[in-house]
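As recorded in TrEMBL:
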- 1-24: signal peptide (SIGNAL)
- 35-131: domain 'Ig-like' (DOMAIN)
- 137-218: domain 'Ig-like' (DOMAIN)
- 255-343: domain 'Ig-like' (DOMAIN)
- 348-435: domain 'Ig-like' (DOMAIN)
- 440-528: domain 'Ig-like' (DOMAIN)
- 532-614: domain 'Ig-like' (DOMAIN)
- 626-721: domain 'Fibronectin type-III' (DOMAIN)
- 709-736: region 'Disordered' (REGION)
- 723-819: domain 'Fibronectin type-III' (DOMAIN)
- 824-926: domain 'Fibronectin type-III' (DOMAIN)
- 930-1026: domain 'Fibronectin type-III' (DOMAIN)
- 1039-1060: transmembrane segment (TRANSMEM)
- 1070-1169: region 'Disordered' (REGION)
- 1083-1094: compositional bias 'Acidic residues' (COMPBIAS)
- 1100-1113: compositional bias 'Polar residues' (COMPBIAS)
């Protein structure tokens, strides 16, 4: 994590700004002024012959200047050449060849003159040359004959082109020539062989020249090499030999220089150019080159080595780079050196370039032209393009070497002066005019500009102005105070005010005032100070494994009045946000990190005024790259040294190397692990087996995983030998009753030790003196036929190849095939242990009747029937095994109260023998299994009903059922109660002691033996308890609380509506004639109306209030319709009775009142309710 420093261009830009501030003041273009050259072609102008020629020359002045040209120092009459034209309002020449003509005819030295009535300005002398790409001369090249190990130079000699072509070497089939420290191309284009090897004949060598302007490549006829050698075979194994040259019979030689010749040379270079020193040496082995400077060190900031250290390049040469350099060529036979004396010369360069001089009448001034070079340049002054000596005399002008002094200048002194400084290596030409003006001060920039700056930064406020005499400029803040200059302020000649460090109090309005003897002018600049943009939480360096997710933070604080933009760079280039990346306001997330994501990430937080940078480095741990360049050395009969170059560890150190091998005889293409080595080594001695054609590869391992295997090494075959071991896992087993199959694990390629691996198989019967039978087998099995049944044999298997036999093998005992046993166990006795188990005892059979290896005695038994007549049973046969030579055993997991039958057999590897006599036995009564489908029901709060089914396995005669139950309420448990039932009873109804408690029931069946397994159930919770529990559960739920609040709000609205309706009720008109007369005691009859009272809101007789507060009608013959005629009695929308006791025809009047009421706001609310 690092806050990045400002880029170098920021400092460069600021330096350029300071230089421009100290430069001369420009004359506004609306004022009279001499010409000034603004654009021109380069001094050495090379053009493409296929295009029109363009020679640029542009100038400004008032009045606008006119142009003319010279060619080779003579006037160039453009009007006489139809191909030549000059652009409008410009001096640029255009030479058009569309209608024919040869560009070469226009080569020469051109100079442009820009003139108006105040003077003449000159361009540089422009040397026009046409690019050339001549063809290679025809030549027939004989084969180059060279002795192996000798040096060789293949000369290119390209045709001279303009500019010089780029040289490179290829074969005639356009394959690049591989270059290294032995074979390389020199700066002159020749191809140098420090020593020639036989493999250099495998290709030819052609020099190619690429020309820049024509974009063409010309190819020289190829060279063919014929290498004379003492070792005509190009054996690839010798390339890996530690002493390759001596192995090929090449004599070793001390180094000698091929270029440059001799022991010393000299070289001249111009200041500011690149110095290229080159040393190419021959020798066997190939020499190494080293560079030194006599009396000092090489300039590390400018020096770099090229062409495999054969070239030294020093950029931007200066005088201190002159001196003596020497190159040292060395190999094990010795060393030599070559000294190069470097002289640095210099074309003229400016020390003080003349600048335009603006004077008022009567003022003094001077033009200075100072330059340096090696040799020292001469200075020549001209005025309006003519030598100063031939110009009319001017008493106000004095020439003093490199300076012209003007005194008491007048309008007539206006002119353009040229300074030409030159030496043998070049020239410099500068124009500077003298302008005499009488102009009051004027401002050149827009008025009342707004400048926004960042706190604590350095800034400048521009106030470009002009006047003659040159005005004095002063700055003021907020229209008051003294002149701003000094301390935190600095005023430049061109009127700019620099504030070295902006503070909050510097905000305000700044006024610049320019004054000369002719008047004054002023302008204002408003300065606003903004807070800086700062990254306060910067991204941090991270190390991540490939495939993981990484987040880089970047939190920014900035001035809220400025627009913030956050962007990211990777390795200082704009980051492309792909599908695997997510850019958020304050972070960058990379999903599934890959190796290509490694690098530096820079967060750039920028506004219109400033920016802040913070950089972090992401290191991605990946699997290592594959090792490369495998090499076999130290070749021996049983070992070899394998060396490799480690691949990139991808930021996770290599912990191990696995060396694998492949052989092409037994398992071609299959790789096997050979050995494992620590990650710190890259060379190991491998132990090898005889007669294996080895090929090796290496796999690197780190914490992240394994690399891809390296490319295979060259093959190496070891010599053969007799086997040193015999096959393993030798066995002899019969597959039939009259044979024996001998098998073994075949030997692999690394244990064969020679060609034609085979096996000598020997066998004979054990404990007899008969001779060995033997046979030679090429596979991994052999079958011996016609053998007695299950007879032991002695077996031997010995390996053999064309080099001899392996060691004497060990003897293995095998057996011929088995036959089925001939006898069954006798005197089988059964003893019943309990209702589910019996004990067996028998007499063993004679060994010779087994006819094989006795595996086990086995009992087959099955359930014949149950003693319960009505119970169906399965008669599926089951078995119990008794391994080994045993005389007794136990059979368990039988069903009680059942009849069984049993047989016994002897078992060997072949199978079962004959069955013994069938024995019968009966298991006694046992306890029953649990009753099935035990159900507990609670039809009401007073009773509980129990039901069940008979046990699936009664295991005897059922004598009844036992029910145990206990009441419980929470943690309180009552006394246990026991009930006994008859075997036919499967129901029971229990009276509850209270409606709150629950019950836990346990039911089991009984036989005479006892009670069996019990089944347990609990009674369901009473309704009120279930409701309470449910209420407790939901009372804390958010949705329930919200629902209750909504219901409460609805009820409140209903109550308000009812209250409003009641207050509106008042008195209702009733006709005098009523079908339902009121009592004479009723005081409401007198005025023909009645009042609602609280009685009206009470439930009607014969109704009940439900849980939700509504009135439900009971099952009764009473109907509210009886209180009116034809069912015309009405209900309000909330279910309350309106009480309209009128006859049907009175309804119209009531309806009329209702319709009028519906339009009121109260009725609207009521209708919503």
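Just so you know, glycine gets a Cβ as well, placed from its N, Cα and C.
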Top partner of the domain 'Ig-like' (137-218) among 35-131, 255-343, 824-926 - counted as Cβ pairs under 8 Å: 255-343
For the domain 'Ig-like' (440-528), residues assigned helix / strand / coil by DSSP: 3 helix, 50 strand, 36 coil
Chain residues outside the region 'Disordered' (709-736) and at least six past its termini with a C-beta under 8 angstroms from it: 236-237, 240, 626-628, 630-632, 635, 637-638, 640, 642, 644, 660, 662, 664, 671, 688-699, 742-747, 751-755, 757, 759, 763, 780, 783, 787, 790, 793, 795-807, 809-810, 812-818
Secondary structure composition of the domain 'Ig-like' (35-131) [DSSP: H/G/I, E/B, coil]: 7 helix, 52 strand, 38 coil
Residue counts (helix, strand, coil, in that order) that DSSP gives for the domain 'Fibronectin type-III' (930-1026): 4 helix, 49 strand, 44 coil
Contact call for the domain 'Ig-like' (35-131) against the domain 'Ig-like' (348-435), three or more Cβ pairs under 8 Å: yes
